[in-house]
Amino acid sequence: MNLTDYVNEVSLEDFAKPFKHHAYWNKRLRTTGGRFFPKDGHLDFNPKMFQEFGQETFRRIVRHELCHYHLYFEGKGYQHKDLDFKRLLKEVDGLRYAPRSTKERGSINYRCQKCGHCYKRQRRINLQKYVCSFCRGHLKEINQSKD
């Protein structure tokens, strides 16, 4: 079963209304479970939420996005701040907030070979291009935290 069919199934079971647009996986999403696009009505979902938290949590994320979807097309308040949205979300047992990932991003540590200053970065530094900002000495990777 593809994602659009799954979202339509959830919509019919939990809202008794069809989902008439498309649903897509969007691997660029990081902190959110999904997004609703009012302009064309499609939904994007974060595949990491499904992989990390499982089917039941993902179903609750789908319900959350479907609340936005159905309220928008009914002409009611579909934003998080609207009472219509809050009521419908509670009624269908959707998630209010996306769960936080338990995986921590690793950091990379660099040390200047001349003055010993340490730099902590989340992204790699091109050691051929960049130097220490204090003494212009060469940098060296000293260790990398585990993901």
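Backbone N, Cα and C define each Cβ position, glycine as well.
What Swiss-Prot records for GLU65 is active site. Residues or ranges marked as Zn(2+) binding site in Swiss-Prot: HIS64, HIS68. Residues or ranges marked as domain 'SprT-like' in Swiss-Prot: 5-142.
Within the same chain, residues at least 6 positions away in sequence whose Cβ sits under 8 Å from that of HIS68 (Zn(2+) binding site) are PHE36, TYR78, GLN79, PHE85.
Per-residue pLDDT, averaged over the domain 'SprT-like' (5-142), rounds to 95. Using a 10 Å radius centred on the Cβ of GLU65 (active site) and all shown protein chains, the other Cβ atoms total 24. Helix first, then strand, then coil: DSSP counts for the domain 'SprT-like' (5-142) stand at 48 helix, 24 strand, 66 coil. Residue environment of HIS64 (Zn(2+) binding site) contains 25 other Cβ atoms, counted within 10 Å of its Cβ in all protein chains.
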